[in-house]
Amino acid sequence: LGTSHQGGYSHDAVVHALQKCGIRHIDTAKRYGCESLLQKAIKESGVKREDLWITTKLWHSDYGYENTKKACLESCERLGVDYLDLYLIHWPDAHVPGKSNREVRAETWTAMEELYEKGLCRSIGVSNFLISHLEQLKEDCVVTPHVNQAEYHPFQRPQELVDYCRSRGIVFEGYCPLAKGEALTHPSVIQLAKKYGKTPAQICIRWSIQNGIVTIPKSTKAERIEENCKVFDFTIAEDDVEILNGLHDGRHVSWDPSLIV
């Protein structure tokens, strides 16, 4: 269940996803401004905390050693939980005057490592990091990120980054699997949707899953959430997967981290 600051937040959609769709992965962030709202939705759903996988993210205004530890506790408080299943550094650019991004990322990651060692975060990772950012972190710190969450859809398929993560035991999570709707109108996606008797959204999500990506779709509508879940009763043939792989043109529909050192 992806939640974000874009497209609003729907309490009813979250409760529906948890109660009716069997969704157990909630992906949020301080930046999205809905951690406290999620606490209410989780309580109303009746789903036990231990049955949920809750991911949230550290925004760059809280980077740095002490700030990171404080921000994590504040996120836990807003979410009404004692621990996070996954805590991510949201973005590689630190915006700290007088310090390099690399320095701040290293300080921040050291705090993340401590949160992990103490069990406040069951796993720790990064978001929107490229190979160069991950290489620096490897040189500066001890614990390899457990996850790298980045944009992944038919137009943005960063295979080199995916392969790099896999070779180092980093789980690659993909957000924006529908390219914020742009993929849904592409002729190849529409053609495959007709062929398999599925919706364009289901084709994109299934394609992402078949490429071995932990896939995070987002919706505030109950019917769309249900649609997004119904992707496990069919398989896209390898030739058709290759058609979708061939749509990659490098475009971003979200942030582009390539200019950040």
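Quick reminder: no glycine exception, Cβ is built from N, Cα and C everywhere.
Remember, TrEMBL labels are computer predictions, not curated facts.
The domain 'NADP-dependent oxidoreductase' annotation in TrEMBL covers 12-247. The annotation active site, proton donor is assigned in TrEMBL to Tyr32. Annotated site 'Lowers pKa of active site Tyr' per TrEMBL: Lys57, in sequence order. The substrate binding site feature in TrEMBL is assigned to His90.
Long-range Cβ proximity for Lys57 (site 'Lowers pKa of active site Tyr'), meaning a same-chain Cβ under 8 A and a gap of 6 or more residues, is found for Thr28, Ala29, Lys30, Arg31, Tyr87, Leu88, Ile89, His90, Ser127. Every protein chain shown contributes to the tally, and the Cβ of the residue listed as 'substrate binding site' ends up with 21 other Cβ atoms within 10 Å. Looking only at the domain 'NADP-dependent oxidoreductase' (12-247), the predicted model's pLDDT averages out at 96. Note on Tyr32 (active site, proton donor): other Cβ atoms within 10 Å of its Cβ, all shown chains, come to 20.
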